[in-house]
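S.K.: Grabbed the feature section from Swiss-Prot, which reads as follows:
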ACT_SITE  Cys106  active site, nucleophile
ACT_SITE  His126  active site
CROSSLNK  Lys130  SUMO cross-link
LIPID     Cys46  S-palmitoyl cysteine
LIPID     Cys53  S-palmitoyl cysteine
LIPID     Cys106  S-palmitoyl cysteine
MOD_RES   Tyr67  phosphotyrosine
MOD_RES   Cys106  cysteine sulfinic acid (-SO2H)
MOD_RES   Lys148  N6-acetyllysine
MOD_RES   Lys182  N6-succinyllysine
Amino acid sequence: MASKRALVILAKGAEEMETVIPTDVMRRAGIKVTVAGLTGKEPVQCSRDVLICPDASLEDARKEGPYDVIVLPGGNLGAQNLSESAAVKDILKDQESRKGLIAAICAGPTALLAHGIGFGSKVITHPLAKDKMMNGAHYCYSESRVEKDGNILTSRGPGTSFEFGLAIVEALMGKEVAEQVKAPLILKD
């Protein structure tokens, strides 16, 4: 079986933990993860001033698609940048048309709203993004820590980053693999 592939789209102002933790968890599961810089391959300044070096520019990473999952980290400015990007819209529309998994955390799901993705799905966001996400009644809101509805997987925020990453692993590779990845992480049940 060919290995699964993930594209994490990294925008200026992204939440560091929501980028790095799911990326790490997916890589531990053997998923080939590409962290793509929205505006290029240069280091990206995140919401808490941590710099993350992308593996590729989004432009180059798109040429290597399709991916099994597209991941959108949160962070208010990061989510705004994802929401304003025509390239992100095109990638998400293509992923949705192929019924591929789309995963977004914290404020990241607001990019789904901005680009008209997954309307009718049950979603979760950071509590501060709930009102924006529910504007227009395009989604059903969940109070879960992680919510998967069809091919849309969403989560609350930095504190749910491990659960979010493990949910992506489970969706792509099954519960057994997710449990194997989880065990050595010493997470609180």
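Backbone N, Cα and C atoms are what each Cβ position is placed from, and that goes for glycine too.
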S.K.: In three-state terms from DSSP, label Cys53 (S-palmitoyl cysteine) for me.
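M.R.: DSSP call for Cys53 (S-palmitoyl cysteine): coil, neither helix nor strand.
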S.K.: Round to the nearest Å and give the CA-to-CA distance linking Cys106 (active site, nucleophile) with Lys130 (SUMO cross-link).
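M.R.: Approximately 10 Å lies between the Cα of Cys106 (active site, nucleophile) and that of Lys130 (SUMO cross-link).
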S.K.: Does DSSP give Lys148 (N6-acetyllysine) helix, strand or coil?
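M.R.: Going by the DSSP assignment, Lys148 (N6-acetyllysine) falls within a strand, counted as strand.
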S.K.: Under a criterion of Cβ-Cβ distance under 8 Å and sequence separation of at least 6, what residues of the same chain contact Tyr67 (phosphotyrosine)?
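M.R.: When sequence neighbours closer than 6 are ignored, Tyr67 (phosphotyrosine) has Arg5, Ala6, Leu7, Thr34, Gln95, Gly100 within Cβ distance under 8 Å.
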S.K.: Which is it, of Cys46, Cys53, Cys106: the one of these recorded positions whose Cβ has the most other Cβ atoms within 10 Å?
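M.R.: Of Cys46, Cys53, Cys106, the one with the most crowded Cβ is Cys106.
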S.K.: Between Lys182 (N6-succinyllysine) and Lys148 (N6-acetyllysine), find the distance joining the two CA atoms and give it rounded to the nearest Å.
M.R.: 18
S.K.: When you put Cys53 (S-palmitoyl cysteine) at the centre and draw a 10 Å sphere around its Cα, which of the recorded positions His126, Lys130, Lys148 have their Cα inside it?
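M.R.: Correct set: empty; none qualify.
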S.K.: Tell me the Cβ contacts of Lys130 (SUMO cross-link) under 8 Å, same chain only and six or more apart in sequence, or just say none.
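M.R.: When sequence neighbours closer than 6 are ignored, Lys130 (SUMO cross-link) has Tyr141 within Cβ distance under 8 Å.
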S.K.: Please report the DSSP secondary structure of His126 (active site), reduced to three states.
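M.R.: DSSP call for His126 (active site): coil, neither helix nor strand.
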S.K.: Determine, to the nearest whole angstrom, how far the Cα atom of His126 (active site) is from the Cα atom of Lys148 (N6-acetyllysine).
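M.R.: Spelling it out, the Cα of His126 (active site) and the Cα of Lys148 (N6-acetyllysine) are 15 Å apart.
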S.K.: Out of His126, Lys148, Lys182, give me whichever of these recorded positions has the highest number of other Cβ atoms within 10 Å.
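M.R.: The most densely surrounded of these recorded positions is His126.
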S.K.: In Å, rounded, how far does the Cα of the residue listed as 'N6-acetyllysine' sit from the Cα of Cys46 (S-palmitoyl cysteine)?
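M.R.: That comes out at 26 Å between the alpha carbons.
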